[in-house]
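Shown next, in structure tokens, is the structure this report addresses.
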Amino acid sequence: MARRGAGTPFLLQLSLLLLLHLGGTLGCALVAVSSPIVPLGSAVTASCTIQRELCRGLEQGKVRISWMLDNKLVVGSQRPGPGGTEVSNLTLPRFNHTQARLWCYVEWNGTKQRVGMAEIRAGYPPAKPLNLSCVLNLGDYGLTCQWEQGTNSHLPTRVMLKCAGSRAQAVTGCTPQGGHSHCTVPRRLLQLYRQMEIWVSATNALGTAESEHLFIDPMDVAKLDPPTLQSIQSIPFQTDCIALAWDVARGTEHMELQCELRYRASEDPAWALVTGIIGRAGTAQHCGFLFGTQYHFQMRCRRSSASALASWSEWSPGRNYTTHEKAPTGKLDAWWAAQPAGAGGRLEVQLRWKAPRQREANGRVLGYRVTLSPRRRGRDPPTVCNTTHTQCNFSVPARTRRVYLSAYNAAGESAPTEVVLLEGKGQPLAGLRAVPGSERSLWVHWEAPLAPVIAYVLEWQRVTAEPGHCSSCWQMERDGAATTALIQDGIEPFQRYNISLYPLYEGTVGVPVHTTAYSQQKAPSHAPKLHLRRISKSEAELCWEPLPVEMQNGFITSYTIFWANSIADVASATVNPSLSSFVIRGLKRSTLYKVHIMASTAAGSTNGTTLTLVTTVLDDTEIQFLFLTLGLIFVLLMVLLICFQKNERMKEQLWPSVPDPANSSLGKWVPAAVPQEPLQVLAAREPGPAAISTVTVLEGEPGKQPGKEPSALPVAPAALPRPYVRQEGPGEPVQYARVGGAGYRGQRLLPEPGPRFYENLRGRGDGGGAGDWGFPEEPPATFPLLQGLRIGGAEELHE
């Protein structure tokens, strides 16, 4: 049951869809629009009427109508209509679609169903056809017309070519196919040799447009086949003229034709046109051709009685012809440089000249000849140079002031051009400058001198790293009043040129003036590479090599140095382009900096690679002062040390001599033999007052115990020091000395044996024994430890 209940709504929806669809086709819904074709951008109104009795399933309940323009929802108004119908009205204020579908929907059980549709198209009225022209084809005598359609109307448009005779009604001559803008009117609809009216009509749902009407005789617009060029030859007595024979095409022998001839030289891109050739066939003559030049000829014709709208035939196949040559004419532009040849009284001359222009060459120049005198009848002058080039180096006598230059071809030799070898002593020019004319030309301007000038010679050379010379990079300006000249030969953009101008005076050559120029500039190809010359704690000196002229691409206007530390503290400075070094000041000590250089021209800038540098802690002067101070201290210490070694008094002050107890008076005072008198034991003596005022201790060598001799000398077996006591009597001062076993460092041995000591026979109460004090038979060799006791306020110690 559950499955059956779940499938029931789907079946009902499917049945409703079928019923609505069938009902819609049978009149369930009616969609009406104000017009199916409207002007683009105008308003459109539509209505959708639902008839309940024809839409099964919608008899009960409320009907909801909605609209969709293609896939976009649009909102309309709904109201009850007559006879139980539901009506929804829709207004579209601006219809901006060239074509769209408007759908009417009804909603049933939450689902929208299409019940009606209307298709709307929008566009413009047809545009007026333009530039109508017609041509009559003499092959089938069909009249082919073509035109320009104009702007697209976005609507289906019917285009027809209409024609009408002088006494006949207008008929449709032809209809273009496939959207083309041309068609052909058949011969049966034409009236030859009579005037006809022809026009184009374009019609769509929004209107009709017509082109301008043509009133022509179809024969006037007949397009003839091109004529044929039979032969071309020069007129013998006037070799700058030619005679051309031509023939008409087949089928036009009976027509009076109007023809045109065009020609051009092989190196000339422009055509020269000859008009007014009238006739059925025959010959045509024309003059003004250059000698020894190859020309290309073509010809076309049309009916001579045709109107200005008549069509010309196609140009005939071309034909080439070379005119006769003639000896070169005119003077050659020449320029020279001369210098003494050393011993022998000769003059070395470098002569350059310009090849004659085509109008003056009169054919192909075979060579050039330089002589020392003009040619006279019956004899040829001596020739110093005969070449096919436009320059020649030769040697002449030192007094030679004139040479003669001529050009020759197969027809003869030109009149010689006199070249005067002038000396350079004339007045110089002023104010020479050059500016770009285009990417490949330069305009040169100068100020005219006060003295009259015959001509000017302009030289230019491309500046390169490797020196070179262009022999043809010069030109002569024969107008002495000129102050400007245009250089066009051999000029390239982004290249520097040295330009020199020589004024030619009567009998002398002026001092040249010079300038440099670019026809076009851009940013340099590279920037210079920075090098570190020196660095300190607050300054860094940088240097760089100037850019090669080929990589500058223009005049360097400035160099800009940029530097920054690790905290992005960026600074910059602009440097004059004539400099190749720069000192950065105000740097922080012991800091890393990154530096780069930028080269600039008037057209742009280029950055170089980055140089990393670190400032020092101290300057060079500070480092030198530090080393000098340390050196002085070292020298002073050495001097003091030497002084200490040499000066005994200073040595005594710093290292005093310690007395040798063995050499003291005490050691020498004790007699060798002492009377045997009983010694009283110290303990048996009556105690008396004793005052100890001073105790002096002298230490021995570290690591040695007192009372021990060095291993090299025999030592006494006694471990205790041997005391010596002198007692005069009760109440007298007692002198006491104790001598250790080790000697004082550096102490000299006694040169004589020491005195014999008394032996203390008085003990500590028992008159002898273990506690007795005794003295050895002989004193030790050294006395490193001396203790002095002053009892009763006196002490005595003698050396």
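Including glycine, each Cβ sits where the backbone N, Cα and C put it.
Curation plays no part in TrEMBL annotations; they are all automatic predictions.
Since this is a predicted model, take the numbers as computed values, not measurements.
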Annotated range (TrEMBL: region 'Disordered') out of 371-393, 762-784: 762-784
Within the domain 'Fibronectin type-III' (524-619), residues counted as helix, strand or coil by DSSP: 4 helix, 47 strand, 45 coil
Model confidence over the domain 'Fibronectin type-III' (328-427), averaged pLDDT: 87
